[in-house]
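Data block below; observations after.
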Amino acid sequence: MDADWDEVTRATFPAPGNSDYPRPATALAFDTAQELLWVGSDRGRVVSLYGNDLQRYTAFKIQPASEGPVRQFLFHERGIIALGSRTVHMALRRGLTIWNIRHEDMKDLHCMCFTSKGASEILVAGRQDTMFVIDVNRGEIVKQVPTEHHYTIMKKSRYICAATTTGSVNLLDPNNSQFKLVRSWQAHASYINDMDAQHDFIVTCGGSLKQQAAQTYMLDPYVNVFDLKNMNSMKPMPFPPLAAYVRLHPRMLTTSIVVSQQGQMHVVDIMNPNSSNVRYANLLSPLVSVEIASSGEALAMADSECNIHLWGSPSKIHFTDMAVPIEMPEPEEEPPMLDWSMDTPLSSVGMPYYRDLLFSAWPPDLFSDVGAPPVQVDPTFLSTLQQSEFGYYGRNTRGLRRNQAEDTRITFKAPNAQQAPKFLSEKARESARSPSVSSSGAEMGTDQGDDITNSELESVKPDAPPMYRNFEIKYSKFGVDDFDFGYYNKTPYAGLENHIANAYANSLLQVMHYTPLLRNLAFQHAASACITDLCLLCELGYIFDMMQKTEGATCQASNMLKALSNTPQAAPLGLLEEEVHGQSLNTMVQGLGRFLMDRITQEYRSVRAASTSLEQNLFRLDQPPAPEDVANRVLATSAVITIKCTSCKNEFTRPGATHVNDLMYPTQKASSTRNGRATRITFSQVLKMGVERETTSKGWCSSCQRYQNLQMRKTIHNVPAVLTLNAAITTPEHRRLWATPGWLPEEIGIIVDQGQFFCFEGEDLKLHLQRGIHDITVYSLVGLVANIEGNPPQKPHLVAMVNVAHSEPTPPAEGRWHLFNDFSVRPVPSGEALTFNATWKIPSVVIFQVKAANNKLNMEWKENLDTSVLFTDFGASDHKTYRILDPETEKPGPNSIVALDTEFVSLKQPEIQMNSDGERETIRPMSHALARVSIVRGQGELEGDAFIDDYITIKEPVVDYLTTYSGISPSDLDPKVSKHSLVPLKIAYKKLWVLLNLGCRFLGHGLRQDFRVINIQVPRAQVIDTIELFYLKSRLRKLSLAFLAWFLLKEDIQMVTHDSIEDARTALKLYRKYLEFDDAGILEHMLQDIYKVGRETNFKPQRKDDSVVLKRTDTPPIPTEGGLGLRPSTPLRGRTGWQTELRNMPVFFSPGKGSPLRDS
């Protein structure tokens, strides 16, 4: 609070209506996005006041006047959330209602706050036994949470800090679904009048019973302070005028403002409560509410006589930083009066609304094309012109006829403009019509890549070239599978799709994937017995395995990024796009890198790895190392931090291991000149400063017992095999330094000697290697994440530059740098990869790896793959539709065939808009989630029996269960009432992943969509898809499972809904039928007959002749031993007329059981 703080404005809270009188404010809050002060009354009315003059802006009611006052406000980017005693109301700042929630259990609400999910969810409580969790975006009650305590005030800090009606402060865990009580303090004897919580502190003021009369209360003459970091209570701050209200300053972490009911204000430092700055407000009545703005430059007080007092510095007062301008209503302009006469033109009369074609509409042949770009004239053509009397003339070199107009709208394009590829369905149709057209798309993509690769360096251009720009996936009516990803990637390396949430992580995942030691850690852990949900290291192993098996196709990291979103620590650290507002991708990816390296170290230690022979040889260890030893040697920079007080010279040390080092740059003054000449700053110097990190900052000195300047420096003991660096670029000088040609070396040498860190590059590195005096470790640059800051409308995004040569099984002769721009992958020269541009291309994360580990890939994890998950029954249900594998007699292997089918539910509806041509255009397709996985034995005595039938617990809200197509109902996925085997996605996925890496062959019908939703990549050699076996490319139509079963097996399936066990078993029967046809040599003939009958029946199974309507409501359970039940089977039908005709065909094979060509 500056010295010139005073009352700036005093305004009367407006009356709710002309016939009513002014009423005191019951709630007061400054807007966090706009220059608005929000006030609530005791009759459920909300008013916003604008600017320093407190001009009235909007007003609306949230509940009937009889239901009581407005209690609290919260602010969201979409609007304002107001709390009443029985209502939670959200409205635009202009007053229009977004949603209003009422519930029969909402009886006396008092407080609310945001949860760990940021501004997308709030917790509402009050003097009642139920708390409500509300989804802000949907305006729905997500769940109700019972509580033993009644709460009157809530604030969000490290925890949810809640004041009870009995005078205690409870800390609730925001990451716990039931908001478990973590800690409780008895702050005041009777009640808490006001409370605030920010950062590491809670401050409260309250009251207690008077000594003389037990029925009246008196405010306490002090403010209680609690430390959230150390979980203890601190020394109270004395306040003799009786503390009524208290607020922590939003900018000064240890400063609080305490106010009495009479307007006496003390600005007190929590760490030094005996000294304070005192101010007095000129009041005529007691205060009823106090609030401070998020900028810290304004303070509002409401008194009992309906006055609002605004305090601040007259020259600096504002409510929020970077305020969004408010929307003012546009005045309606009255139409001008026309002075009508015979000379008044008809064009002065406005046109009416119409639907039919007007008689005055001009025909198209009278339209003229205006505004086209001018014709580009070749300068060499101008030099050959000859002059004559009428002007200049020359030879026609344009390739057009004389006087023929040139369509400059087509020819006038940027030379590097990107052209979107055609959809795969369009190419298939064109290929069917004209086979010569089929290769045009591929040639276009290849030529484009060659032009970019062979041209001059793109990174030196002033603007971001097309190869660096953000690519978008286009959707046809067939969804994302119809997009031609191959157009953007002609390499054997996998790209990653960017249409899923938090896809900014793609670039970092690419660099980590091509770092052999990180890839080995992920594979070793994924092959272990870990079944922990939300294990990010397992997810890294799964996505790395997908990228290895794709053979140049495109993957999606949906499971990995979904696990990241569900990790409780991700949102508070600002790693989720949906929870971050205004934070740059540069900062987010650097934070993500630090978070992932920490999690890799923690999770690798939790379970014994499958194989560590490579690390044992690399680090020269005598015996197999412990998991924590391997993780530390690969990722941790071991150091000791020495901290010294500049005042008392007291010095102490503590461990300071880090997994990511932030680079530090010398100050401009220190690095500007040496002997009158500018000194060159090298990457090695910046790296040394970042690793040793000598800094001075404010901190608590235990010797001085106060905050002092503390000097910190690191003593390095060991450098990891994988050196991860954050570029930490913050100034234009840093950008220009990285833009220096050749500044980032491809190799560096590091020496750690007696706690000192030395780094060398270039000629100095060669000299040290030649001398061989010191034990120097050479590191190779694996790759980096670069931030691309394009001009509008291009949005900033991240790309990866990776030298894939270090991860090849055999080292190539030279480096192979590639640009990974999400699903666009192309080779680039090393100069292009290591050249930066201060305007639009700067690095974010850089990863080096010890050179001795290059091309060291440990594949022993496949031989030591833990398969216990296949032989463990995780289902607690008695309704068993499966029989797990016998570990003695049914061990899956490369010769095993398993029939797979899955069912999905919808998490998001598709986003569709109408384009300028009036056609429907898909902006974002429907988002699915795996709901059921069924796998059937493909051979053996129990062929056709399921050994996996898992229903998946889904944490995200389901918008459509697709019951007609999936057979899934809400009760199937509800853990409380489901009678099925409900397992986490991690367990279901690991079963499939283990079968995949055991070499099993997956059989099914239309497996491409199943694999996409499962998010698994299966090599073509391990896929048997009956939709491809019974397909003629010339017909451009693939056949449904129900139609093939009806035609070939004489079975009716999918009578009411789909059942994954039935579908998998049917696909297995169709495969056996395919083998019969193929062995008999009549496969082509049968395919022609199938399509012939399909045209006659519109490719739909004909079931009208059935006399009995068959219904199936659920998968029948597996019969118990000794029971009389039969294996579940599909009902057979009678033969139709056209099937009788087929019996007259020459028989070259023996029809199988259930074949329509076999006698009943």
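Positions of Cβ are set from backbone N, Cα and C atoms, glycine also.
The annotation region 'Disordered' is assigned in TrEMBL to 421-463, 1104-1136. Feature annotation from TrEMBL assigns domain 'USP' to 494-851. According to TrEMBL, the divalent metal cation binding site annotation covers ASP901, GLU903, ASP1010, ASP1063. What TrEMBL lists as compositional bias 'Basic and acidic residues' is 1104-1114.
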Can you name every residue in this chain, apart from ASP901, GLU903, ASP1010, ASP1063, with its Cβ inside 8 Å of the center of the Cβ atoms of the recorded divalent metal cation site?
LEU900, THR902, ARG932, SER934, GLY1004, HIS1058, SER1060, ALA1064
Confidence summary (mean pLDDT) of the domain 'USP' (494-851):
88
Just jot down the residues in the same chain as GLU903 (divalent metal cation binding site), at least 6 apart in sequence, with C-beta under 8 A of its C-beta; none if empty.
ALA931, ARG932, SER966, GLY967, ILE968, HIS1058, SER1060
Packing count at ASP1010 (divalent metal cation binding site) (other Cβ atoms within 10 Å of its Cβ):
23
Return the count of C-beta atoms lying within 10 angstroms of the C-beta of ASP901 (divalent metal cation binding site), excluding that atom itself.
27
